[in-house]
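Under the heading repeat 'Solcar 1', Swiss-Prot lists 18-115. Marked as repeat 'Solcar 2' by Swiss-Prot: 125-206. Residues or ranges marked as repeat 'Solcar 3' in Swiss-Prot: 216-310. Marked as transmembrane segment by Swiss-Prot: 21-41, 95-115, 131-151, 175-195, 221-241, 298-318.
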Amino acid sequence: MSEKIHITQNSGNVDHTVEALGHAISGGVAGMAAIALTYPFSTVSTRLQVQQKKQQQGQQSEITTVPYKNSIDAFKRIIKEENWRTLYSGLKSALIGIGASSFVYYYWYTLLKSISLKLKNKQELGTIENLAIAALAGCANVLTTLPIWVVNTRLQINSDKGIVGQFKYIIKNEGFGGLYKGLIPALILVSNPSVQFVSYEKLRALWRRQSGRTKLGGLEVFILGAIAKLIAGIVTYPYLLVKSRLQSQSGNASNPESQQQQYKGTLDAIGKIFKSDGFLGFFKGMPSKMVQTVIGAAFMFLVKDKVVIHAVAILFYLKRLLNKNNKRV
C-alpha cells in the first residue's frame, strides 16, 4: 500500500470517495501492468492445475488431457506443440479481469478503511479490522468479476472461441450459472488478498520502525510485496486449484473438454482430487503460479505506489475545478 495521503479538505465522505477512486484507478493500472508482465506463468499454471491423471482401466472413459511433467516441461511443450502465442491465450480477458478486480477491490478497501478510521478517530486499524475490511472488499470483487475469470480460464485451455464467443458458449450450454462456476472457492480465496495486504502492512510497519524512516524506497516496496504475496499464495493455493478445476469444466457432455472428470461441486472436487492425486495434487502448478503471483504482486505494489499519489492529486484538482464551476453557475 502507498504511504498515507493526508486529506486536508473538509468535504467529508466525498474526500474519502475521491481518495478511494484514486487508489482504485492506480490499482487497476498496476494490476494490468503486472499481469501483462507475468501472464505466461499464469497460463502454464492453469494448464497444470486442470490436468488430470488418466483413469484406470474399466472406468467409463479415459481423460485425454496431455500430461505435463512440470512447469518447465509445460513451457517447452506449449511452445513446441502449439506456439509461443499460446502462452498469452486469454490475455485480453485477463487484462479486463485484473483491471476490474483491482479497481473494485482497492475502491472498497480504501473507502471502508478511510470511513472506519474516521469513525474510530484512529490513525491505524488493528489486524482484525483490516482483515474484515479486506474480506468485504474481496467479496465485492468476486461477485462483480468472477464471470470474466471463468472465461479467462477457458481461454487459457482453449482459445478458439475468443472472449465474446466463450461468453456466449457458456451461457448457451451451461446457463448464467456457468459464469459463476467456482464461486465458493473463489469466495474462500478472498482470504488471499486479505492475508496479502495485512501481511504487507505489518511488514511495512515493522520495516519503518526498524529503519527509522517513514518513506520506503522502490526496492523495499518490491521485496515486502513479494514476501506478503508468497505467504498468502502458499496458504490459499489448494483453493485456487479447486476453483480452476471447476471453472475449466464444460457442462456440455459432447464437448471434448468435458471428457475430463466432472465435479458436482466444491466438496466433490476436493474429494476426487484427493482420491486421484493425493495431498500433493492440490499443489499442481504451484511453482509457476508462485513466480507469476509473487513477481506480479511485487511489481504491482511498486507501480501502484508511484501512480496513486498522482492519481489522487489529479482527482482532487479536478474536484476543485468542478466546485469552482458550480459556484460560478
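Counting begins at 1 with the first residue displayed.
Glycine too: its Cβ is placed from the backbone N, Cα and C atoms.
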Tally of residues which DSSP labels helix, strand or coil - the repeat 'Solcar 3' (216-310): 77 helix, 0 strand, 18 coil
Within-chain partners of the transmembrane segment (221-241) [C-beta distance under 8 Å, separation at least 6 from its ends]: 49, 185, 188-189, 191-197, 199-200, 203-204, 207, 273, 281-286, 289-290, 293-302, 305
Overall pLDDT of the repeat 'Solcar 2' (125-206), taken as the mean: 85
